[in-house]
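Following this message is one structure expressed as structure tokens.
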């Protein structure tokens, strides 16, 4: 059983009771402590004039400051390593526990956190991203609001999160309440196409099967994009943005857009952080996961996506599209590398 610690108020009460002539055993019986605890406290007060515990050295450190600095250099080189791997890489000939490794990580202000995933960027990708942003660094909102941002996204019926944890006792891993049931491939996906601008939001389109150039023209460009663009005078016609996916860059699609006077925005590869529509997909995904009761079929998922798309407000979209200068500046500061968007 752990010993009860004396609070500072109790300690001073003991000193006062002893000053009035009470014995150690009498004080101990009244307060519920052994008389030796009382005697040690009174002796400490006589010697130091205080009742607080004196500083203690604690357990000696098994590593030096120099070795700790070497450990931090290893962490900077290998941030994805486990504590066991770090222990072997740090002092392979020293008997250390993984607890020591975790203590040094904690002392350095480090903790295991969620990994941010981004597309792989080559040097060529970074150069093209940087050049794209430098060419548009001075665009104002009047220019950005002409851009119509489009994209496709897949939503799974059952989202699986590899970071999921469960609070349980030992040897209860296979208790039914501690098991998360899954289905193959997340139960199937629903693919949708969307388009937003600073001033409008086009209809959400469900993509059946794999998107091809012909399907892109017949189900997206012709009924939605070209029809919308034709409602604008030629002088103020919007600019259409889509990424470099194969269906978007097929010869038939390029010719179709040119024949219908749809101006497109050149796009640097691997740049989802420059497309504000990506954040709208994130909004939809969070809303779908929060639905109660949750969707059970692909038909219900599709209906929920269209319903939640209509609920995305103009203010939400304008906060995203109105921040394009900040996105561009972030890529420039990163020299074409990763950004927080």
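Placed from the backbone N, Cα and C atoms, the Cβ positions cover glycine too.
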I'm validating the feature mapping. Which of 26-45, 46-65, 66-85 is tagged region 'Disordered' in TrEMBL?
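Going through 26-45, 46-65, 66-85 one by one, TrEMBL flags 46-65 as region 'Disordered'.
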Where DSSP helix means H, G or I and strand means E or B, what are the helix, strand and coil counts for the domain 'Transposase Tc1-like' (68-136)?
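Residue counts for the domain 'Transposase Tc1-like' (68-136) by secondary structure: 41 helix, 0 strand, 28 coil.
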Please count the residues of the region 'Disordered' (46-65) that DSSP assigns to helix (H, G, I), strand (E, B) and coil.
4 helix, 0 strand, 16 coil
For the domain 'Transposase IS30-like HTH' (3-45), what are the DSSP-based totals of helix, strand and coil residues?
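Counting residues by DSSP class gives 31 helix, 0 strand, 12 coil.
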